[in-house]
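For reference, the structure discussed in these notes is given below.
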């Protein structure tokens with residue numbers, strides 16, 4: 001229902017317009033207060049790159065963060081990552097991730113980024129506190145913040161927006177009548193707009209999510225996902241249909257698709273109940289970090305990597321690298 005409202009297919013969005021105007025007024029006032037200097041943002045002693053969204057819901061932001069971290073690491077840059085840690089609850093903040101940190105403590109996306117990149121990752125509702133925790137423990141040269149475009153309390157040097165190329169901005173209205181956290185005109189002020197799927201417009205960077213080999217959660221064995229039989233597909237991400245479509249494009253045709261809420265807590269019994277005799281469970285990598293501790297032999301995940309096209313990605317990386325002292 002929310003998807004139909006936000007796309008404009010359902011007329012119910014009109015009933016939510018008063019709340020949207022209020023949301024837009026408050027969010028605009030917050031941004032203006034920082035722009036005018038009425039509120040002061042904290043500036044880190046190293047450059048800060050924000051990777052965020054203009055809309056609610058999954059746009060492919062985490063793969064972009066991983067891509068950016070890995071590309072900078074390849075250039076010899078020491079990178080740290082901060083996040084709010086949505087979906088997790090730590091005993092105390094800021095929380096600096098270790099190999100023992102669970103998704104229940106830090107959230108699924110920070111744990112995924114930490115496991116994939118090996119970069120220092122810290123989470124805290126106040127992102128400045130997370131930055132300070134990383135700087136106190138690691139000699140990093142640059143900070144990437146996973147989400148936080150609207151978190152103006154942390155000053156930033158580069159802003160990158162990730163856009164769902166199929167859904168774009170829906171009906172264009174602020175939450176809750178539409179998907180917008182900020183209006184589309186905000187794109188004029190960011191340093192780069194990366195478009196996940198669909199067709200990128202002039203000045204935007206095209207991106208595709210390229211699937212790799214399926215990985216067994218228990219053994220680490222790898223195989224072509226199309227070789228797996230009797231698949232039950234599970235996706236607890238912002239836009240589950242994207243994952244199911246990826247499986248189909250890989251030649252894997254699930255018998256059943258189970259969409260879950262983004263960041264949903266997964267209990268062992270609930271996940272086990274999804275898979276019947278002779279079936280194979282295939283999930284996203286973000287779900288896998290939550291399920292690895294209680295995984296069965298027939299559970300697999302399909303990793304995806306961001307692939308950015310054209311000359312703009314290299315120019316963006318050169319610009320970011322030039323900020324490192």
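Using N, Cα and C of the backbone, Cβ positions are placed for all residues, glycine too.
Features reported for this protein in Swiss-Prot:
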- 55, 56, 57, 58, 59, 60, 61, 62: ATP binding site (BINDING)
Worksheet item: Long-range same-chain neighbours of residue 55 (ATP binding site), Cβ under 8 Å, sequence gap at least 6?
Response: 163, 164, 167, 169, 170, 179, 180, 181
Worksheet item: Does anything in the same chain, at least 6 positions from residue 57 (ATP binding site), have a Cβ under 8 Å from its Cβ, and if so what?
Response: 164, 167, 179, 238, 239, 262
Worksheet item: Where does residue 55 (ATP binding site) sit in the DSSP three-state scheme?
Response: strand
Fill in: Check: same-chain CB within 8 A of ATP site center, minus 55, 56, 57, 58, 59, 60, 61, 62
53, 162, 164, 238, 239
Discussion item. At a 10 A cut-off on CB-CB distances, which of the binding-site residues 58, 60 has the highest count?
Written reply: 60
Worksheet item: What three-state class does DSSP give residue 60 (ATP binding site)?
Response: coil
